Each structure stands twice: as structure tokens, then as C-alpha cells.
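Feature annotation from Swiss-Prot assigns active site, schiff-base intermediate with DNA to PRO2. Among the features that Swiss-Prot reports, active site, proton donor is placed at GLU3, LYS61, ARG268. Residues annotated as DNA binding site in Swiss-Prot, with similarity to another entry given as evidence: HIS93, ARG112, LYS158. Under the heading zinc finger, Swiss-Prot lists 244-278.
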Amino acid sequence: MPELPEVEVVRRGLQDYIVGKTITAVRVHHPRAVRRHVAGPTDLTNRLLGTRINGIDRRGKYLWFLLDTDIALVVHLGMSGQMLLGTVPRVDHVRISALFDDGTVLNFTDQRTLGGWLLADLMTVDGSVLPVPVAHLARDPFDPRFDVEAVVKVLRCKHSELKRQLLDQQTVSGIGNIYADEALWRAEVHGARIAATLTRRQLAAVLDAAADVMRDSLAKGGTSFDSLYVNVNGESGYFDRSLDAYGREGEGCRRCGAVMHREKFMNRSSFYCPRCQPRPRR
């Protein structure tokens, strides 16, 4: 699933190409892509026609178009969603198409059809204007108002595994499995450690590492293991070549040389160094 850096790459691409343009046509090719818009495909297309894109915003893994009608078009990429400008490699994966007044075509493709679009009202939460479906999400590490100390305070009260808390989008948004493993490796903390047992300094180090690794990923266009994540021009990111933990089972730790381990975690996998990140004793 695209995580914060990948969604931010898409947001920046859309910001450059479609802000200031007006939607002149919309076609929903697959109703499942608008299943979260409870009023249905016809309502969504009718309300989008003639609207101007005033901006593109994001929180965590969600992005949204700010429209001139004081509502937002919320986009969730799911596991395989892509926002592509121009031609697409697989027309059978196109779920929604939008045409703009200058002839630009935006296609939402989604092989697994787990993502989608919906229109939503805006509300103000803690000084930020957010679409209602996004309002429950915590600030992410790229947010100018992200407060490390405030998140540390929350984590110090959590009697569950730290990695589980990093993936909880109501604690801190935008971090997924890949960047959680990378942050924990950089901070030399095992994800199975109980959050409340860690010091403030250790927790802050993990959060700082998460922000740093995601900035590094953003600079390289994000992480692409397959064709499911690409930018708006269909190009893959290349941060996967720089991963220190995720996917490196059996390889040497880049810090100490120990063999990297993998273990099951919440129907996923966690990757870590057994020497740098010793597993807590039960």
C-alpha cells in the first residue's frame, strides 16, 4: 500500500498539473471505485462537473482535491490505486476518468479496486480544515504542526507493541509497514517493545527516524516494489534500493553485519536486526 511518501509524490504531481483547471467531464467505469460515496456514481459525476480545482491537500495516506464548491474530492489509493495523467498501460484497470478544460485527462486506475473517490464536506479540527472522512486521522510527520512530544506523551500511555502503535493512524498517520520497520531499525528499537516501557528519548528517536526515512524516500520518488505504485506520469520510485530493514531477510545488517530476521506481524512481516534491535524478553 502506498504510504506517506508515495501519496505525497502523487499530491505534488497533481498540484503541478491540475490546480486551477476545471472539470468538464467525469466517467465512472467501475461502481466499486465510488462505493464510499453513498449517494452513488451519478451524484458524484454531476457534482464534479464544472468544478474548479483550487488545491490538492493530504494527511497521512489520504489526499483530497479542494474544490471551488467548498467540498472536497477525497481519494484513497488503497493497495494499488494510481492517479495517472494521459495514457494508461492497462485500460481494463481504469476505474474513473476526469477531463479538464485544457484537455488534460486524469485516470484513476486500481487493479485490486480497494481504493476510491468520494465527495465530502469540510470541517475544522484542531485548527486544520479537513474532509469529514479524514478528520479522525492524527497529524503525520510531514505536517508543519506535527508535535513529536505530544505523540511521545500518547505513546507513553500505550501498553501495546510499539510497531502496532506506529501503524495506528489515530496515533500518528502516514506510517505503514515499510517505514515502520525502517524507522525502528534506524532507532535501534525492536517493534515488539511495549510502547509504555520505552523512554521519552527512545520514542522521540523512533518518530524522528520515521520522519527522516520518509523524507529520504520522498527525495527518491517513493518505494516501488512492483508496478502498483507509480507517480502521476507512470514512473516508479527507487527508494527500495536504499531500504535498510524491510525485505532484507537473510542479508547482513548494514550497521553491524548480523543476519537480518523476518517474523510475522499482524498478517504482515517485520524485518529487523537481532543484534541492533534485540527482541524483548517475554
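From the backbone N, Cα and C atoms, a Cβ is placed for every residue, glycine too.
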Next item on the list: Please work out which residue of LYS61, LYS158 has the most C-beta neighbours within 10 angstroms of its C-beta, and give that one of the recorded positions.
Entry: LYS61
Next item on the list: Check the Cα distances from PRO2 (active site, schiff-base intermediate with DNA) to each of the recorded positions HIS93, ARG112, LYS158, ARG268 and keep only the ones within 10 Å.
Entry: none
Notebook entry, point to check: List, in sequence order, the same-chain residues at least six positions removed whose CB sits under 8 Å from that of GLU3 (active site, proton donor)?
Noted result: LYS61, GLY174, ILE175, GLY176, ILE178, TYR179, MET214, THR223
Margin query: Need the DSSP three-state call for ARG268 (active site, proton donor) to compare against my parser.
Written below: strand
Notebook entry, point to check: Between HIS93 (DNA binding site) and ARG268 (active site, proton donor), how far is it from one CA atom to the other, in Å?
Noted result: 26
Check: Do you know offhand how many angstrom separate ARG268 (active site, proton donor) and ARG112 (DNA binding site) by C-alpha?
Finding: 18
